[in-house]
Structures are given as C-alpha cells and as structure tokens.
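Visitor: Below are the structure tokens for one structure; questions will follow.
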Amino acid sequence: MTDKSKDNSKSLLYCSFCGKNQKEVQKLIAGPKVYICDECIRLCNDIITEETIKQNNITDTENKINYLPKPHEIKKHLDNYVIGQNYTKKVLSVAVYNHYKRLYNFNKKTDSVELGKSNILLIGPTGSGKTLLAQTLAKLLDVPFTITDATTLTEAGYVGEDVENVIQKLLQKCKYNVKKAELGIVYIDEIDKIARKSDNPSITRDVSGEGVQQALLKLIEGTLASIPPQGGRKHPQQEFLQVNTSNILFICAGTFSELSKIVSKRLDAGTEIGFKANIKEKKQKKSEDFLLKQVEPEDLIKFGLIPEFIGRLPIITILNKLTEDALVNILCKPKNALIKQYQTLFELENVKLEFNAESIQLIAKKAINKNTGARGLRSIIEGILLNIMYELPSMVNIEKILINESVVNSNSLPKIIYGKNKSKKASGE
C-alpha cells in the first residue's frame, strides 16, 4: 500500500514555480523539463500588465513632452477655433509650453534648478472666449480637462462641493488613471464669485468666499490630495487614491464686474491734483478694456481675492470685450463656427442652409445689445430657426433654406427653395 502511494506521487507532475501538483490546479502546462500551472500564469500576467501600464504611463508622459507644440504652433491652433484675443492667446501659448517643459525637467529629477508652477488667471466679460481657449488647449495637448464652477465649492464640512471634488472630476475624465490626471488641466470658472465681501478680514465665517480661497491654496500650489476611488464618499477605513497636484495646470477665470472701477480709482488717485491738474485728461472716460489692462494685484485684493490666492496665479491676462465685427467672424470663420454647425445639421436632412451677410450682421448686433458676447449667439440662432427646424423633418423635396435680415429682425419666416424650383415660406406660428 505504501509502495503504491509512493508510485502515485512519483507519477504526479508539479508546477516548477509554486510546487502544487496537477491535482491541486486546473491546468498544468509542460515545457522542456519545466511545468507551470494556471494560477502562476495568471499571476505572471497580472505582474506584466501592471508593469506595462506603468511603462505606458511614463512613455505617454515623455511622448507628450517630447512632441510638445512650440508656442507659435499652439497659437496658430487657437487661431483656428478662437477669434480675436491675440495677446491672451500668445500669453496662454507661452504659459502652457513652459508648464509642460517644466514637467520634462521635473521627470528628469536632476539636481538642476527647480522650476515653479505658473497657474493662470483669465479676466474678461461673458462670452469673450475664456472657456473655449482652455478647452481648445486641452484638446490640442490631449490631456485630461475638467471645468468646475467656483460658486458650487465650499469649505470641507459644509454643505456643497469639497474643493478636492475638482481633482475627482479630473480623475473621472481619465478613468481614474492617476498618472494621466497629474498631467491635466483644471479650469475653475466664476472665480470672482468667491471674493470675500470686503478687503478687511471678517470675524464671521465666509464658507463659500474667503473659506474656499483658503481651501484652494494648497490644491493650486501643489499637494498630495486623497481622493476616494471611483467617486465614493470618504470614510476612514477605505484606501484613497493619492494625486499629486504639483503638475496640474490650474486656469481660473471670471468676469470681475466692477474691477475696472477699482482700477480707475487707483489711477485717478495717482494723477496730479490742484491747479496743475490736466482737466482735459481727467474728463476723458477710459474704456473698460483699457482699465482692465492696467490691473495690478492690489486691485484684485481690493476686489476680494486674498493675497495668498493671487500669489498662486502669477500669470494674469485680460480678454477684450468682443466687437460686432469679431462676433460676425465668430459666426463664420472658425473651424467649428456656429453657422457651419447649423449648416451641417441641415445637411443631415439633405437641405442647404444659407445666411446672407446682412442677417449675420444683425445676429451679431443682437448679441451686442444683449451683452452676452459669443455665448449668446447660439440662443439667437436657435430662436430664428426654431419653426423651420420643427417643420423640416416632415417636409419633402426641400433643396435650400434662405435666411435674410427680415427673418432675423422681425422673426418672419425663411424662404424655402423646393427641388422643382417652387418657392414657399415655412409654416409656423
């Protein structure tokens, strides 16, 4: 009996790696004088996959930096999508280029000079292109990008979004790949809305103003943020994803209404007074664009941003209010111009959509009157095309729809060209 069991053990085959015999595993694969079981194969596969992901992340980072477009190439790309704002585009092109070159220096980990991070503050009216510029940059660089509304943020422990949710949104954009998130861009809109109520420290708690600024300081400067995996809530027993925000580029933006008045007061206080004062110069009203271009950190402090917060945003650039001509160009010229978008939409119904020059000028004028900038253009066009977009899918034999100034000005019905050269107007209320 004992001899039989010895013979059986000798006839069994064993995994050369874990030592389990063929009866203890599902599969045992034989090689020249070596065996490997299915469990060891899975373990090896997991190790290789993990190493490959790590290597791919490093390679991906290096590739992004090695193939980084030059500043003039970045600006040229921005020109294709954003009309005007040439100075701001130049500032952003240089800032983004330097930021990602800095990462290359950081990854080399040499004993050379350590380069600081330069986050950006964009100041400009509604619809001037702040968000579009940031989105276009992120697409060009192929990095994760997220937009957060500063008005939804509160200090930790209060009702509202914790500031670390900003990083969680960025992680969601890249499927919780931490290395990719650490190369991303965070755009915080409406940053002017978290200004404290006065430039004097308040004894009452300002959880959605100065409190949020304080909470954002470390995040923007660079810290190790602990983020719950897969968007879960924080609790002490769980493991957190550690995200280093030192290499994340933060772009903050806002309209900063009334900031021009603060700048104007400062400039007026610096002018000569008394009999030698230049009365003519004093009477001249300076434009808002001119005043904002003279903005200094002290003006932003008076507005309600704390000095430490301004210090984390060393690059400040101003976007001009868009003129009527600029809005006309926005409607027609960029790659994703609104007119082109609606023409493509109508092409899906095999119908050509045409706007004459006068109608486009009137649409731009309406946006100027509404003080909505480029952001208001889409809602104006939607209103103009509502009836025809409602009727069109049910109509047949339509070849072309013509939009002229009367359609824009008095909301009259557009002209319809039928396939058999019949001309009718769209039905509508």
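Including glycine, each Cβ sits where the backbone N, Cα and C put it.
Relevant sequence annotations retrieved from Swiss-Prot are reproduced here:
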DOMAIN    2-56  domain 'ClpX-type ZB'
BINDING   CYS15, CYS18, CYS37, CYS40  Zn(2+) binding site
BINDING   PRO125, THR126, GLY127, SER128, GLY129, LYS130, THR131, LEU132  ATP binding site
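Context for these features, please: burial, neighbours, distances.
Guide: Proximity of CYS18 (Zn(2+) binding site) to non-local residues of its own chain (separation of 6 or more, Cβ distance below 8 Å) is seen for CYS37, GLU39, CYS40, given in sequence order. CYS18 (Zn(2+) binding site) falls outside any helix or strand according to DSSP and counts as coil.
Proximity of GLY129 (ATP binding site) to non-local residues of its own chain (separation of 6 or more, Cβ distance below 8 Å) is seen for VAL82, ILE83, GLY84, GLN85, LEU319, LEU322, ALA374, given in sequence order.
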Visitor: Give the distance between the Cα atoms of LYS130 (ATP binding site) and CYS15 (Zn(2+) binding site), rounded to the nearest whole Å.
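Guide: Here the two Cα atoms are 62 Å apart.
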Visitor: What average pLDDT does the predicted model assign to the domain 'ClpX-type ZB' (2-56)?
Guide: 80
Visitor: Inside 8 A of the center formed by the CB atoms of CYS15, CYS18, CYS37, CYS40, which other residues of the chain have their CB, for the recorded Zn(2+) site?
Guide: SER16, PHE17, GLY19, LYS20, VAL25, LEU28, TYR35, ILE36, ASP38, GLU39, ILE41
Visitor: For PRO125 (ATP binding site) and CYS15 (Zn(2+) binding site), determine the Cα separation and express it in whole Å.
Guide: 70
Visitor: An 8 Å radius from the center of the PRO125, THR126, GLY127, SER128, GLY129, LYS130, THR131, LEU132 Cβ atoms defines the neighbourhood of the ATP site; name the other residues of that chain inside it, in order.
Guide: GLY124, LEU319, GLY373, ALA374, ARG375
Visitor: Cα distance, CYS15 (Zn(2+) binding site) to SER128 (ATP binding site), nearest Å?
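Guide: Cα of SER128 (ATP binding site) to Cα of CYS15 (Zn(2+) binding site) measures 68 Å after rounding.
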Visitor: Just counting, how many other CB atoms are there within 10 A of the CB of SER128 (ATP binding site)?
Guide: 26
